[in-house]
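One structure is given here, and the rest of the page talks about it.
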Amino acid sequence: MVSVLIPAAGNGERLGLGPKAFLRVGGKTLLEWAVDAFREAAEVLVALPPGAPVPKGLRATFLEGGRSRQESVSRLLEAASLPLVLVHDVARPFVSQRLVGRVLEATRATGAAVPVLPLPDTLIRPEGEGYGEVVPREALRLVQTPQGFFTALLREAHAYARKRGLSATDDAQLVRALGYPVALVEGERAAFKITYPEDLPLAEALARVWNA
Ligand code: CTP
Ligand code: MG
């Protein structure tokens, strides 16, 4: 039994087109994409920007987000009523059922699991304006969502972070900070996060052929 938590309260500043929750790609808002991806879930909770209009006709419960992603997820967690949670960024519309299945299976087995991908490009630490030291990319991974957790574990991790003043860009970091391992499963390139204006034409193209 899974509660899906969708932090959708960001303002999309790097994209510059307002909150991504209401951004349209392939004729649907990113929020609609996310809710559709989790149509099998028993519970879907969404954090919206404060003051945003509550969308009609979506099978989800809406609450007001916080000032950071972490705060928005904390609020969603308080409202979650089931023993497992999947936390998913609204900014990642292309989530396949296979990806959800892999994350859930590993979460049930271990208590915390996230999808990751190897880096396709060479990675460097620039020296001033120039090419610097190469960072071995074989040892590194890109982290995606949905991320799965035992609800009680993620609640404890958020409480610990609050107490310690830790801030993190995803939830797995907080579970790690608490001292618990997080399992890795294979991510998907399609689950990329729409972040910059150049990502939009890619998303529009993918939306035309997407069949999850
Ligand atoms: N988020 C949230 N509450 C916040 C800030 C972010 O729920 N106060 C969510 C966003 O809606 C998004 C995810 O966390 O689903 C983070 O992805 P990101 O690309 O950083 O989205 P934004 O924060 O909206 O974009 P930006 O950082 O460019 O402003
Ligand atoms: Mg952000």
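Cβ from N, Cα, C; glycine included.
Annotated features in TrEMBL:
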type	residues	note
SITE	R14	site 'Transition state stabilizer'
SITE	K20	site 'Transition state stabilizer'
SITE	R137	site 'Positions MEP for the nucleophilic attack'
SITE	K193	site 'Positions MEP for the nucleophilic attack'
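Feature map: annotations from TrEMBL on the structure.
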{"residue": "R14", "record": "site 'Transition state stabilizer'", "Cβ contacts under 8 Å, 6 or more apart": "T195, Y196"}
{"residue": "K20", "record": "site 'Transition state stabilizer'", "Cβ contacts under 8 Å, 6 or more apart": "A8, G10, G12, L30, V90, A91, I194"}
{"residue": "R137", "record": "site 'Positions MEP for the nucleophilic attack'", "Cβ contacts under 8 Å, 6 or more apart": "P118, L119, D121, T122, L123"}
{"residue": "K193", "record": "site 'Positions MEP for the nucleophilic attack'", "Cβ contacts under 8 Å, 6 or more apart": "D89, A91, R92, Q144, D199"}
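In this structure, R14, K20 are the recorded sites from R14, K20, R137 whose C-beta falls under 6 Å of some atom of ligand 1. In the three-state DSSP reading, R137 (site 'Positions MEP for the nucleophilic attack') counts as helix. Secondary structure at R14 (site 'Transition state stabilizer'), taken from DSSP and collapsed to helix, strand or coil, is coil.
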